[in-house]
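> The structure's right below; bear with me while I get my questions together.
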Ligand SMILES: [Zn+2]
Ligand SMILES: [Zn+2]
């Protein structure tokens with residue numbers, strides 16, 4: 001089913017590619033023949049942007065999950081220097097769905113905690129498609145407490161379909177592991193920045209997102225449930241995922257409008273996979289400026305600010321019964 | 001092999017039983033016939049004490065492991081009221097080798113953490129013969145941190161051949177779990193009393209014994225390694241366990257002499273299994289008096305005292321090289 | 001999260017076969033006189049099956065009679081997403097309010113257990129499957145903050161199908177909000193007892209429900225993050241018997257104790273006594 | 001604990017088959033010119049086998065040349081149990097001292113790694129199998145306390161057959177003593193890096209070795225609480241391939257990284273730089 005729904009994105013990509021090739025063809029002609037075709041090129045560029053403006057929530061969902069979309073490790077390699085992984089939850093296993101360690105951001109020592117889905121089939125299996133087990137959350141928490149002890153800011157990269165739903169995960173306290181991360185992150189006395197780079201899947205994403213700043217790539221999503229899950233439960237038809245995607249208001253624009261996130265990081269037309277390098281540069285710039293802001297804030301103010309930030313999330317009313 | 005070595009204890013017990021039955025026979029005669037046999041009884045009583053005075057380290061080891069020796073649960077039931085178990089390490093399992101929970105000691109709310117070997121075959125299997133897995137130590141630590149949070153003193157009962165040596169135990173960080181307990185217990189800001197009631201086996205026992213007061217039953221043992229293990233390594237013959245037991249200086253008397261433990265709690269002649277009730281009363285009295293002492297101590301003093309206590313353990317010298 | 005609101009229709013409604021005065025026990029299939037059930041706190045005397053009960057009935061069974069003082073009762077959810085599936089969320093919500101005479105899926109307030117005053121929040125599965133929206137999150141948070149400010153122990157009885165999907169990201173963020181409030185409560189050295197009843201799933205499980213100093217479950221309650229059907233779909237395997245039930249969680253070290261409904265009040269009172277009683281050992 | 005001192009005779013002695021200038025590699029059985037081995041930090045260039053090395057050689061490989069300032073070198077053990085097995089402990093101990101020109105199984109002091117001053121303790125397996133007695137415990141504790149007082153990061157390189165049984169209960173108590181000292185060091189917000197080399201077992205593993213903020217192992221080091229033979233005897237089963245080796249522990253989440261000897265200095269320097277560099281983010 002997802003495949004038929006994917007057709008949607010493929011046809012978009014085809015159109016974009018077609019326009020792109022036309023643009024370069026006309027540019028070529030323009031150069032070779034000395035004819036001014038600027039107007040044609042402009043029209044095509046405008047058509048392209050129009051197509052992208054019209055992207056609906058479901059198309060953005062597909063872009064957020066695009067197989068060529070840059071993954072956490074691409075950002076880590078592209079943005080930081082001397083990344084040195086730290087492994088293990090000190091109990092059961094090193095969960096490869098979580099990548100964590102020390103690194104420098106333009107000379108600033110920071111601690112990174114990231115979800116990575118894996119690129120190749122092998123990597124995907126190793127990283128369990130970016131779905132952490134409880135041990136992944138405990139590894140993340142251990143490394144974040146390390147960051148707190150040594151007063152290093154924390155940067156998290158969010159990209160997960162959700163916490164892994166499996167027998168062992170339930171047996172070993174998946175819910176508890178997530179809950180503890182939520183509680184502990186709210187009290188970590190160092191700046192925390194979370195960047196949603198792809199799929200922000202439910203509690204499994206939230207468990208690394210109790211941050212002072214939440215940034216989102218333009219075509220990433222962040223949601224209480226996957227559109228497919230929502231469709232099958234509330235719409236009683238998993239095929240209605242596009243409808244559910246729209247209803248859930250899970251795009252960066254939506255969430256920025258709700259003041260749930262703090263900043264949208266720009267992506268190239270059509271998605272970051274069409275130009276990873278520029279996206280990585282955008283993320284880097286956003287990280288630096290946010291980090292520099294946060295590092296100026298005193299510790300108590302930081303913690304109070306973080307508390308208030310999440311304290312104020314939620315829209316409710318008062319009835320006169 | 002242990003069986004032939006056990007014969008030692010069995011013959012002692014037979015002798016004791018014989019003397020006891022003679023004593024009661026003479027007492028009976030004395031009562032029935034109105035004949036004064038006090039002198040005979042006295043001689044027998046003296047012979048009995050003499051036999052017990054002569055108990056060597058190995059015999060004490062056998063008593064410490066005696067199948068009828070009261071177990072932690074016997075002390076818990078006999079000493080405390082309203083014992084309410086707390087279960088689980090909040091991750092993997094509830095390790096039944098560790099019994100932990102809330103209770104009252106003559107009206108004083110206390111937290112108990114104990115090793116219990118199990119009495120029946122079923123219980124022994126359930127409790128893994130008193131050999132905790134890493135999860136047992138983590139359960140213990142969780143409950144002890146609970147005690148600290150709510151300012152309740154901790155009483156531990158030590159009775160284990162040692163931490164379980166198994167594949168899963170090693171995989172899940174047995175060494176790490178013990179080490180963390182050692183570190184964390186040294187900092188718990190509530191009074192801690194440890195009572196060695198049977199076998200204090202190595203690191204597995206130490207992991208619950210970082211206490212302000214360490215009490216030992218008269219015929220319990222506490223050692224860096226089992227006599228059998230020591231014999232097979234250093235004496236190259238596991239049969240030399242009695243020799244190793246003596247060499248290791250593992251009896252309550254030895255350890256009191258070394259100032260490793262703070263108090264010896266008396267047991268009836270021949271061991272607590274010959275009169276569990278009186279032993280339980282002795283333990284209760286010792287707990288109350290030590291607890292009352294410790295509760296008068298200010299928190300910093302308590303922690304500094306605990307630190308110094310262990311800091312000073314170890315005999316070394318300075319060479320002039 | 002949220003997978004459950006479809007799967008779990010409240011039992012009492014489902015089993016309303018013998019209308020009126022009688023109720024069929026889903027545990028042993030016996031038909032039971034309703035008044036007897038009520039007297040027995042809605043626990044089957046034959047098989048021990050724990051029926052789902054409303055938040056009000058639960059409070060009656062837990063605290064000293066008449067001691068519950070409700071707070072923040074008028075807080076309700078809005079519809080920030082203007083969400084519509086097969087029905088408009090605002091309509092669905094209004095129906096739930098009308099039917100339940102509650103404004104959302106929990107009651108909060110203070111109450112006495114023996115001599116101990118406690119802050120208490122009790123969820124209601126009959127209100128939209130105990131799903132967590134902004135109103136529920138706000139009420140739990142307010143009660144937690146009240147407990148912190150007034151140095152009170154906190155008891156939360158959870159039962160939930162998970163997130164209230166119709167509130168989208170706002171629903172998800174209640175996990176963060178409640179957990180942060182509990183962090184402050186814990187840091188103040190105060191006691192939080194989490195009581196889990198059938199079913200407790202999804203986002204509620206993955207936030208406040210699992211953060212108790214003591215975690216207690218009613219017998220045989222389903223307690224999970226991902227529901228059994230989701231897991232079955234993922235791993236394409238039959239799940240083991242008793243999987244994700246209270247006793248299973250006890251064995252796996254996740255919860256402290258399984259306590260039947262009839263003993264819950266006494267157990268809670270014992271714990272509060274234990275924490276409050278006497279002078280503290282070291283000050 | 002302690003099970004190992006019998007089982008593990010230092011490899012270099014065992015494999016002294018080609019006397020003098022040559023050494024046989026226990027990894028690939030090749031015979032290697034000793035000078036080459038030494039140049040390569042006693043790592044086989046063919047198969048990467050890490051030979052055991054003395055504490056002095058280890059320090060040379062780890063810290064800036066000439067920067068190591070030894071402390072407490074004259075501390076040695078006594079014989080409080082007057083222990084005798086097949087030999088008197090005091091005689092055995094004297095032989096070890098004479099042979100090693102050390103007073104016990106570790107060297108402690110301060111040293112530089114790049115621009116970072118650190119307290120450092122390095123164990124020596126050649127001294128009675130790196131067993132932990134009162135002298136070793138005292139030296140580790142003194143070094144830890146020195147680091148705490150002087151706000152220095154601490155590096156401990158562990159290798160040990162376990163407890164020094166001949167010191168009985170005093171040996172066991174070194175676990176408590178060192179761990180308590182590390183608790184204070186950690187509480188002061190200071191960094192402890194634990195480096196584990198082949199073999200690290202028993203009481204040393206179950207105390208300071210496992211308490212690092214970062215735990216690093218050399219490749220293929222045996223790291224365990226209970227030794228393989230003890231476990232085999234207990235469970236009467238063959239152990240899995242690679243069980244209790246560095247890579248196994250990495251996979252099981254117990255250690256942070258496996259670092260070959262040739263890169264150890266740089267890795268340690270990186271970590272110390274990371275902790276010390278720049279201004280701290282929030283003060
Ligand atoms: Zn029934
Ligand atoms: Zn080799």
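Keep in mind that glycine also has a Cβ here, set from the backbone N, Cα and C atoms.
Below, the features straight out of TrEMBL:
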- C:21-283: domain 'CoA carboxyltransferase N-terminal' (DOMAIN)
- C:25, C:28, C:44, C:47: Zn(2+) binding site (BINDING)
- C:25-47: zinc finger (ZN_FING)
> If you average pLDDT over the domain 'CoA carboxyltransferase N-terminal' (C:21-283), what do you get?
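95, rounded to a whole number.
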> Can you tell me how many other Cβ atoms are located within 10 Å of the Cβ belonging to residue C:25 (Zn(2+) binding site)?
20
> Reduce the DSSP letter at residue C:44 (Zn(2+) binding site) to three states and note it down.
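Reduced to three states, the DSSP call for residue C:44 (Zn(2+) binding site) is coil.
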> Residues near the Zn(2+) site, C:25, C:28, C:44, C:47 excluded, by Cβ within 8 Å of the Cβ center?
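Here the nearby residues are C:26, C:27, C:29, C:30, C:32, C:45, C:46, C:48, C:49.
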> Which residues, sitting 6 or more apart from residue C:47 (Zn(2+) binding site) on the same chain, put a CB under 8 Å from its CB?
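Result: C:25, C:27, C:28, C:30.
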> Of all the binding-site residues here, C:28, C:44, which one's CB has the most other CB atoms within 10 A?
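Most Cβ neighbours within 10 Å: C:44.
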